[in-house]
Each structure stands twice: as C-alpha cells, then as structure tokens.
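Accompanying notes for the structure given below.
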Amino acid sequence: MAKRLDLTDVNIYYGSFHAVADVSLAILPRSVTALIGPSGCGKTTVLRTLNRMHEVIPGARVEGAVLLDDQDIYAPGIDPVGVRRAIGMVFQRPNPFPAMSIRNNVVAGLKLQGVRNRKVLDDTAESSLRGANLWDEVKDRLDKPGGGLSGGQQQRLCIARAIAVQPDVLLMDEPCSSLDPISTMAIEDLISELKQQYTIVIVTHNMQQAARVSDQTAFFNLEAVGKPGRLVEIASTEKIFSNPNQKATEDYISGRFG
C-alpha cells in the first residue's frame with residue numbers, strides 16, 4: 001500500500017560536513033515527486049536518506065524527522081533493513097546479479113526473508129515481471145542469467161526485484177541516465193503505471209523527464225561551494241515549469257545555470 005513521506009527540518013551530515021540543510025517537504029502517496037537541481041545540491045543525498053541508504057557511509061547522520069505515514073524511520077529501535085524493505089531503491093545503473101537467473105533475480109529479496117515455497121516464489125516472479133512490463137519479453141527464458149538482458153531490460157528487472165517485496169515507496173536515482181531513448185521511454189511509461197500502486201520519488205537531471213513523469217517537483221540548490229544544499233521550492237510540476245515562485249528555480253529550468 002502506498003504511503004506518505006514527510007520530512008521536517010531535516011539536516012544531513014557526513015562527519016563535520018553539513019551536506020543538506022533544513023529540508024521540509026511532503027511526498028504524497030500514489031504520486032511521483034521529482035527532485036531536481038545542479039550537481040552537488042543534495043538531491044541524491046536526500047533521496048538516500050529516505051530509506052537510510054546513506055548510513056553505509058561512515059560518519060553519516062541525520063537530524064530532524066522523516067516519517068513514513070506516522071512512523072519516524074529514524075526512531076530508536078527501528079530496523080534499517082525493515083525500512084529498506086518498505087522503501088525500495090532503484091539505482092542509476094542497472095545492477096542485476098549478472099550470473100543469477102532472471103527468476104532468481106526477482107525473488108532474491110524474498111529468499112533473504114526466508115521464503116522457500118516454490119509456488120510463492122514463481123507467482124511473485126511472474127507478477128513482479130508483469131508489474132515491470134517485462135514478463136512478455138522474458139517468460140520463455142526465466143532461467144537465463146539476468147546479465148544477458150539489454151540495459152533497459154536490466155533496469156526493468158531491477159524494478160521487478162524492488163516491487164517483489166511489496167514496498168510502500170519506490171526511490172529512483174536517475175534510473176534512465178545510462179539508457180537509450182527507447183529504453184528511457186519504456187521506463188517512463190512504467191513509472192506512470194507504477195504510481196497507481198506506489199509512492200515514487202525520482203532524482204533526475206533531465207528536465208523534460210521531470211516534466212513528463214512527475215506530479216510535483218522539488219528544486220534544490222547550493223548557496224555556494226562548501227555550503228549545504230537547500231530546498232529552494234516545491235510545488236506542482238506544472239507550476240514549477242510554468243510559473244515558479246523563485247528566480248533561481250526559473251533560471252535553472254530555463255538552462256541559465258546547472
């Protein structure tokens with residue numbers, strides 16, 4: 001079931017470095033929120049904070065609140081593994097397990113949870129591949145290695161793997177940056193379908209992509225080199241691209257910088 005994410009006064013640090021300052025925003029269920037901004041502005045850092053992936057970096061810490069519905073994912077006693085199960089991640093480059101079969105790639109997360117029933121695994125593999133619009137392309141070669149698929153197919157395989165564990169939220173970090181235009185179109189069409197079931201947050205440098213796939217857009221920027229990234233503005237995507245409140249947003253959208 002899709003859930004809402006709320007960030008309140010979030011500050012992100014790596015050791016003594018203040019990476020992102022004072023971010024407050026609401027990410028609505030069954031919608032796509034795009035995070036945009038120049039390189040180094042903190043948008044990917046914010047994305048990784050939403051499921052505690054940044055914690056793999058030594059010295060990383062977060063101040064403020066990140067709520068999944070009403071549950072603070074940083075509260076004492078909250079298991080990061082459980083958070084990452086509820087809030088899945090699709091990375092910039094497709095990262096299937098190359099020697100593992102297509103079927104086993106999809107159900108890898110379920111197996112880690114201890115699921116061994118073959119029918120459950122097979123049914124989940126099929127439903128997830130259908131959900132990722134990949135089933136018809138691979139149904140006759142499920143036992144072939146996932147690494148043998150094209151780049152676009154591999155990314156959809158990674159999306160199938162993410163939704164197999166039934167998350168509430170899907171995070172996507174520039175999911176089309178390494179793909180050709182045809183594969184990019186397939187992923188964008190898939191995102192539009194997936195938002196009917198999931199809350200989706202996507203980081204993208206492609207302004208046209210943000211305009212096409214998202215319902216709301218958040219623009220991040222840096223005050224200066226060495227200063228923390230900040231949320232400049234968040235609004236409906238239509239407003240951000242047609243009549244933003246902040247000049248910095250307009251300048252970035254129009255290509256004057258970034």
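Each Cβ is built from the backbone N, Cα and C atoms, and glycine gets one as well.
Classification of Gly40 (ATP binding site) by DSSP places it in coil, neither helical nor stranded. The local packing around Gly40 (ATP binding site), expressed as other Cβ atoms within 10 Å of its Cβ over all shown chains, amounts to 14. For Gly37, Pro38, Ser39, Gly40, Cys41, Gly42, Lys43, Thr44, the entry in Swiss-Prot reads ATP binding site, with the evidence type sequence analysis.
What Swiss-Prot records for 5-247 is domain 'ABC transporter'.
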All-chain count of other Cβ atoms within 10 Å of Lys43 (ATP binding site):
27
Report, as a single number, how many Cβ atoms besides its own are within 10 Å of the Cβ of Ser39 (ATP binding site).
9
Please work out which residue of Gly37, Pro38, Gly42 has the most C-beta neighbours within 10 angstroms of its C-beta, and give that one of the binding-site residues.
Gly37
8 Å Cβ shell about Gly37, Pro38, Ser39, Gly40, Cys41, Gly42, Lys43, Thr44 centroid, ATP site members excluded:
Thr45, Phe220, Asn221, Leu222, Gly229
Around the Cβ of Cys41 (ATP binding site), how many other Cβ atoms lie within 10 Å? Please give the count over every shown protein chain.
24
Taking the Cβ of Thr44 (ATP binding site) as the centre, count every other Cβ atom within 10 Å, in any protein chain shown.
21
